[in-house]
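Per Swiss-Prot, the features are:
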type: ZN_FING; residues: 88-110; note: zinc finger
type: ZN_FING; residues: 116-138; note: zinc finger
type: ZN_FING; residues: 144-166; note: zinc finger
type: ZN_FING; residues: 172-194; note: zinc finger
type: ZN_FING; residues: 200-222; note: zinc finger
type: ZN_FING; residues: 228-250; note: zinc finger
type: ZN_FING; residues: 256-278; note: zinc finger
type: ZN_FING; residues: 284-306; note: zinc finger
type: ZN_FING; residues: 312-334; note: zinc finger
type: ZN_FING; residues: 340-362; note: zinc finger
type: ZN_FING; residues: 368-390; note: zinc finger
């Protein structure tokens, strides 16, 4: 069993990695000393160390070596779960329990009683330890400070993971491709790219995701939730990075410049995607037809042509679309909204991509260059048409 301490940090039991939420188990976890006293188990021939803590006065704890769980009663009580003995029966539901405390908890459930109430959130708990955990969550106790940036954390393990952002350490390596990660959970999600496993499925449209965070973000499309709001204009977004990009529209900040054509971008990722226009690199390839794309989002949208998936439906006319951006653009045909304005001539557009193409008329930008003869065009379809002449 992992070291048990009274420092406020919750740790798990190393034998099986479980973290226990039951009253007795949590008390055992928070115990501080081994008294040296033991209970003898006649059934398994094991000795059980007696623990004690500073929680309820006089309460003693013991650990059952057979399954490595900790309990506030002698091991013989827990042994009933191993031999099937349930001596305490509740008449209302005819359910049997191995000890008096579980019987009491069941009675409380039927009677609707709650012994411990959390004032901050109004939640009520049957066990005092569950209440104690809730209190800790509300007090947001963060005793672990990063000496590099001053950020505080609730657990030392969180601080350890955070420190890797400063040191650059990435100890978790993918055996398939060699990519490294700062935390194990990121590696677990990444590995699913190779295995194709997507255990998190959207109940609305059936789309599946490799990670829980991906599903959480996706669900906002259906619920309309936009938790990230701009303090300047009140505009809200369902992704934090979209809010970050939006902030730059107020400052007109575009710090990332293309060395080939001089065009500036708000983020390094936008510059990276743009640069592929010049290099011709298209790393994202469709497994169905072989078509390649410069950005992953374009491939993702393209794949829906093969699957026929159109999860985004217009509530006004019922027309369905493969992407949320296509739906948003379509809705503007009903509302007449054209939020994208050309600063040169005042012409308005429904989509930002339409504005971008239009602006090239004023700037003379021709980013699509023929590798054969060097002739350049402001539209990709014009370059495609030209290539046929060669």
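Every residue, even glycine, has its Cβ placed from backbone N, Cα and C.
If one looks beyond the zinc finger (368-390) by at least 6 residues along the same chain, the residues whose Cβ comes under 8 Å of a Cβ in the stretch are 277-278, 280, 357, 360-361. Across the residues of the zinc finger (284-306), the predicted structure has a mean pLDDT of 89. Remote same-chain residues near the zinc finger (228-250) are listed as 217, 220-221, 266-267 (criterion: CB distance under 8 Å, separation of at least six residues from the stretch ends).
Residue counts for the zinc finger (200-222) by DSSP state, with H, G and I taken as helix and E and B as strand, are 11 helix, 4 strand, 8 coil. In terms of DSSP secondary structure, the zinc finger (228-250) contains 11 helix, 4 strand, 8 coil.
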